[in-house]
Amino acid sequence: MNHIDVTQRINELRTLIRRYDYHYYVLDDPIVSDAEYDALMNELRALEAAHPELITPDSPTQRVSGTPASQFAKVQHPQPMLSLGNAFTTTDLLAWRDRVLRLLGQDTAVAYVVEPKIDGLAVALTYHDGQFVQGATRGDGEVGEDVTANLRTISSIPLLLHPPDGGHDRDVPTALPSLIEVRGEVYMRTADFEALNDRLAAAGEKIFANPRNAAAGSLRQKDPAITAARPLRFFAYGVGPVEGVELTGQWQTLRYLRMLGFPVNQDVRRFTDFDEVLAYCEQWMARRDELTYEADGMVIKIDDFAQQRELGVVGRDPRWAIAFKFPPREAITRLLNITVNVGRTGVVTPNAELEPVQIGGVIVRNASLHNADYIAQRDIRIGDYVIVKRAGDVIPYVVGPVVARRDGSERPWQFPTHCPACGSPLEREPGEAAWRCNNFGICPAQLVRRLEHFASRAALDIVGLGERQAELFVQRGLVRDVADLFYLKAEDFAGLEGFGPKRIANLLNAIDAARQRPLDRLIVGLGIRYVGSVAAQALVNSLGSLDAIMNARQEELEQIPGIGPVVAASIVDFFAHPENRQLIEKLRAAGVQMNAGPQRERKSDVLAGQTFVLTGTLPSLTREQASALIIAHGGKVTDSVSKKTNYVVAGVNAGSKLAKAQQLGIPVLDEAALLALIGER
């Protein structure tokens, strides 16, 4: 073929492949076999290889390109990618509907667009004159990460927009936008996730816990070739900035996106009657297992963009949209055995060993049984079929037995009378549910957990010291308390499995750096009962040194904001034990920081008089950083939610504090909303 013929054939092949991609990914209606498709793609690759001057960035062959990135660049979103407020019951949804109508006017006609809430990773795709130029993760809603090269590898994301023809939708624009930011979710279908995990397991690699983690981990690979090998998909659900066309509503926007070549959820619906909205949500709550992907709820949006603008945004949550969350998933499986774990404070916790069962995309083999009373009250027996729930779709726990399925082979379980690690008698304080091993100084299980806690990110942050290393150190007798870490030498690691010269040097450097951590982090690391990051910061801010804290009287401690009688008594009791004071002196002799550093600069009084409670894991700030930020702007941070709490800042895996805040009607912020509140974005 001459050059003109080659150019013409390449263009024909690209047009055909894009058409077949559109039918496969958008219309879900393949019109050629895989073999025919592969033959066309191979022909295109061969022609482009022979004529590299004809390769263009939007060619279907150019999805995987570039070299592995060392890190992802930050991307400022031109418009914030907002989070959604949550509704957990139909009562919550009706309350949201009533607020909308109160703001718009009771007689205002309102339409709602409803679709399943895919549990994936939110991204924004930018197109200039129809060509894909940049893709970014949501990040904190204001700033995300540039993952353009990886997003290009996802076949369901068009590199070149499909010219819209309008079809039967006369209200849908027929022009290509000069600029459009398309927002949606990168996800992995359940079947693809399971197949990926099977391949990883067969190769001896670490498997993913659930499809969302798999999607997020695959998209954030530094090498686009790895992302390309993962079965990622994309659903579009909205837009950011748009230029060159006018979009007036959510329903119209979704149809327009579909015409441009984006997959849009087939289960999206538009309703004008809110009773139909409720029925549709309840229908999918009952049928969620029929979905080919993991969904944790339904998203309801006001259709009309003018009404959306009128309703506006509160914090980081739009008033014009809400997420109806499905209840925690549960399953029935057999309880094989009950074991106990000894924590760093000596609390002995029962753990259920289960026949593996899938709950919400995760294989569950172990679950919490809380305490001895919980087991006794529910008459949970070894061999029982039990109901297992994942609280917040994260933490599995046993709800109770299915008594009707008992066959007489089940065995009652007795809580141990002695510590399984050191043999000391277990004790229980009056009014408490927990049994404890009080052999604080000798119990090896407690020491392992204390070492883990001492080295954790919230405490001294000793990178390279985790559960496995702590167990090795205790088994070999290298440490008898946390202070011994600072006396370790390179020769102590001789013959220790997994410790080569480089790893030893890195760990010793991390331990050395831990000597200069802020005093509040050391206090957290000591593991004083009831004293977390917030209380530790309050102690340091008020008293300034570990000596002052050690020697403070209970009534003096109770005067510190955020330190109540129970916490104060626990602090006094901890330092009343001679072995704990000896530990402090040993740490002091090792050069560990015992005094507060320079006072944190007060940045503003914007949060003066406001009380905050933190719960869950925030996207970029640690709990300590968030607390310090609030305090620096005049706010106060406490550990418990009450009517006096002004805001609860909630992250991933938020627990009972979030539930109590919602019960009391206390405003809930995410990290981005907190930063917006204090003017730090």
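Cβ atoms here come from the backbone N, Cα and C positions, even for glycine.
Of all Cβ atoms in the shown protein chains, 21 besides its own fall within 10 Å of the Cβ of Lys117 (active site, N6-AMP-lysine intermediate). What Swiss-Prot lists as active site, N6-AMP-lysine intermediate is Lys117.
Secondary structure at Leu84 (NAD(+) binding site), taken from DSSP and collapsed to helix, strand or coil, is coil. Leu84 (NAD(+) binding site): 18 other CB atoms within 10 A of its CB, across all protein chains. Marked as NAD(+) binding site by Swiss-Prot on the basis of sequence analysis: Asp34, Ala35, Glu36, Tyr37, Asp38, Ser83, Leu84, Glu115, Arg138, Glu185, Lys301, Lys325.
Around the Cβ of Cys422 (Zn(2+) binding site), a 10 Å sphere holds 16 further Cβ atoms from the protein chains shown. Feature annotation from Swiss-Prot assigns Zn(2+) binding site to Cys419, Cys422, Cys437, Cys443.
Here Swiss-Prot flags 602-681 as domain 'BRCT'.
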Cβ-Cβ neighbours of Cys443 (Zn(2+) binding site) (radius 10 Å): 21
Extra residues within 8 Å (Cβ to Cβ centroid of Cys419, Cys422, Cys437, Cys443), Zn(2+): Val342, Gly346, His418, Pro420, Ala421, Gly423, Ser424, Asn439, Ile442, Pro444, Ala445, Gln446
Candidate nearest Lys117 (active site, N6-AMP-lysine intermediate) in space, where candidates are the binding-site residues Glu36, Asp38, Arg138, Cys422, Cys437 and distance is Cα-Cα: Arg138
Alpha-carbon distance [Cys437 (Zn(2+) binding site); Glu36 (NAD(+) binding site)] in Å: 68
Helix, strand or coil at Lys117 (active site, N6-AMP-lysine intermediate) [DSSP, three-state]: strand
Glu36 (NAD(+) binding site): tally of other CB atoms within 10 A of its CB: 13
Cβ packing number for Lys301 (NAD(+) binding site), 10 Å threshold: 23
Cβ neighbours within the same chain of Cys419 (Zn(2+) binding site) - under 8 Å, at least six residues apart: Val342, Val348, Pro425, Leu426, Cys437, Asn439, Cys443, Ala445
Overall pLDDT of the domain 'BRCT' (602-681), taken as the mean: 83
